[in-house]
Amino acid sequence: MAVSAQLLREELQIFGLEGEDALIDKLAELCLLYGQNEEGMVGELIAFCTSTRKDGLTSEILNSFEHEFLSKRMSKARPSASSKDSGHAGARDIVSIQELIEVEEEEETLLNSYTTPSKGSQKRAITTPETPLTKRSVSARSPHQLLSPSSFSPSATPSQKYSSRSNRGEVVTSFGSTQGVSWSGRGGAGNISLRVLGYPEPLTGSYKSMFQKLSDIREVLTCKIEELGSELKEHYKIEAFTPVLVPAQEPVTLLGQIGCDSNGKLNHKSVILEGDREHSSGAQIPVDLSELKEYSLFPGQVVVMEGINTTGRKLVATRLYEGVPLPFHQPSEEEGESEQIMVLVACGPYTTSDSITFEPLLDLIAVINHDRPDVCILFGPFLDAKHEQVESCLLTSPFEDVFKQCLRTIIEGTRSSGSLLVFVPSLRDAHREPVYPQPPFSCPELPREDRKRVQFVSEPCTLSVNGMIFGLTSTDLLFHMGAEEISSSSGSSDRFSRILKHILTQRSYYPLYPPQEDVAIDYERFYAYAQLPVTPDVFIAPSELRYFVKHVLGCVCVNPGRLTKGQVGGTFGRLYVRRPPAGPGRRSPCAAAQVVRI
C-alpha cells in the first residue's frame, strides 16, 4: 500500500496543523505499519489529540498516539486472529528448548546413577579425571540463556521493527569535552564509594500507605511554604510579609503557594496565591500577572511576590522573587579518591511495546560488558505496567517472577564486567504498589558474590559517588511539570531549563501540587524522603520528552531518555565524572556526557 506524504500534509492542513518532514514521514510509516489510509490515520490522530487535550503535532504526541492508541487497538484484534493458530501455542524458542535438553540430561544422569552397570553402562557417560562431568553452572551462561521469555509469555516473538534499526550506537547529544574520549571504565576496579544521603535519613524499607488525613497533607504543604519563605526572606533581606487579604495603597510583599482557581489547567487568568498560615491563615487571593514581563509558574510553587493590593481582593504583581537553591555538598577525604570514573545511566521500559523478549535489555548488558563502566544506574520500570501484554493479562507468570528473572539476568549477565549496579524503582513497575516515594527493591536471594557490587535505592534518591552527589528520580517530573507550567519571557526561554531550575530552587524531587492523577503521594513520607538535602552535582531525570544534557545553576542535568520508545529503540546516557580538588571557586565534576542510541 503506497502512502502519499503530500496527501497526509493536506489532511493535516484541514485541521490547521503543520508538521515537519520528519513527522510526516513518521505518520506515513504508521500508515504502512497499521494498514491505514491517509484520511483515516489523520482522523484518528485528531480524535486522539482532542480526547487527550494535546495541542500541535510533535514527535512526543506521535509516540503517545502509537503507544496508547494504535498498539492497543492492534492487541485487541490479535486474539481473534491468533485463535486459528492455537495448535502452535506450545511452540518454544531455542532458549527454552536448550533448557529442556539440559534438564532432561540431568534427569537421565540421575536415573542412570541408580541403575546396575549392565543396564546403564550403554547410556552412562564415561568420566575420567581428565574429562570430568561438569555440573550445570548458571553464572557461566550468557544473558540470552538466563532470560527465557517463553517461560512467562505465550507470544514471545522478537520485535521486527527494533531488530531492523540502523542507528544503533549513534550519539544524539553531547556535553563537555567529548573529543577523543574512549568511553570505557575499569569495571569498578577502582576505589569507589557509594552512599545514600537522606533528609534526615534515606528510605530503606517498605511502609504502610493508602491512609492519610487531609490535615496531614495540609501540614506538610504549610511546612514547605514556611521553610522556603524563611530562606527567601533571609536571602533578599525582606523585612516582613503582609497578609494576602489586607488592603494597602503601597506595594506589599506576600508569601504563598501558586494555585489554580478551578479544576482546569493553570493559565495566566486563573492564578491564585494561597497565603501561608502564619501571616495569612491560608487565605487565597487572585493574581494579575499583566505587569510582570517575565515569569514561570506552576501549581504548588512556593513564591514571594511584590505588588499592589488596593482592595484586598486582587494582587497586581509587579515583582516575582527568584528561588534560591541549596548549597552544594562539601565532600570529605573519606568519600573516595579524586579519580575519573565512568557512569552509565539507563531507564526502562527495557522491552518494546510489541514484544516481551527484552531484546533492548540484552543489548544494554552487551554494552555494559564491552565498556565496563564503573557504575551503572538503572531506573525502572523493569516490567512496565503500561506494556500491552501486562495490561491485557497475557503473561503466564506472576509479575514478581518476571521481574526477578530480569533482575537475575542483569546481575549475572554483567558479572564479568565488574560494574557496580544501582537499581532505582519506578511507579510503573508492575509488581510494586504505585505509591510515591518508593522503597528500594527487596532481593534477599541475591548471591553473596554480588552483594558488594549491587545496591538497591529508593525512588527518589540522593546518591554520593566518591563524594559527587547524584540526584536520581524515575518519575517523569519533566513531563508532569511541563504540562502544568505557564511562562512569559521577553527573550528566548528554554522550557527544560526553567523546569529544572524550579526543581532545584523548590528543593524537592516533586514540587508539583496537586500531583498528576497517576501519581499517588504519601505526604508524610514525601516530606521525609523526597526533599533535596543538597543541590546535586548531577541530576538524572529520565523522561518521555526529548533527551538532553544541560548545565543549570551549577548542576549538570541529564535526561537519558528511555531505552525503548514504543516499538523502536531508545537511548541511554554515559558520563565521565571526577571530584574536583578542594579550593576556592567551584568546578563541575562532570567532564563529559553523551546520550547514545541503543
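All residue numbers here begin at 1 and follow the chain in the order shown.
Including glycine, each Cβ sits where the backbone N, Cα and C put it.
TrEMBL annotations: computationally assigned, not manually curated.
Annotation comment: TrEMBL describes 112-140 as compositional bias 'Polar residues'.
Under the heading compositional bias 'Low complexity', TrEMBL lists 142-159.
Per TrEMBL, the feature domain 'DNA polymerase alpha subunit B N-terminal' maps to 7-72. Averaged across the domain 'DNA polymerase alpha subunit B N-terminal' (7-72), pLDDT in this predicted model comes to 83.
Among the features that TrEMBL reports, domain 'DNA polymerase alpha subunit B OB' is placed at 218-323.
Per TrEMBL, domain 'DNA polymerase alpha/delta/epsilon subunit B' is recorded for 343-550.
Per TrEMBL, the feature region 'Disordered' maps to 108-177.
Counting residues of the domain 'DNA polymerase alpha subunit B N-terminal' (7-72) by DSSP class, helix then strand then coil, yields 51 helix, 0 strand, 15 coil. The helix, strand and coil residue counts that DSSP assigns across the domain 'DNA polymerase alpha subunit B OB' (218-323) are 22 helix, 40 strand, 44 coil.
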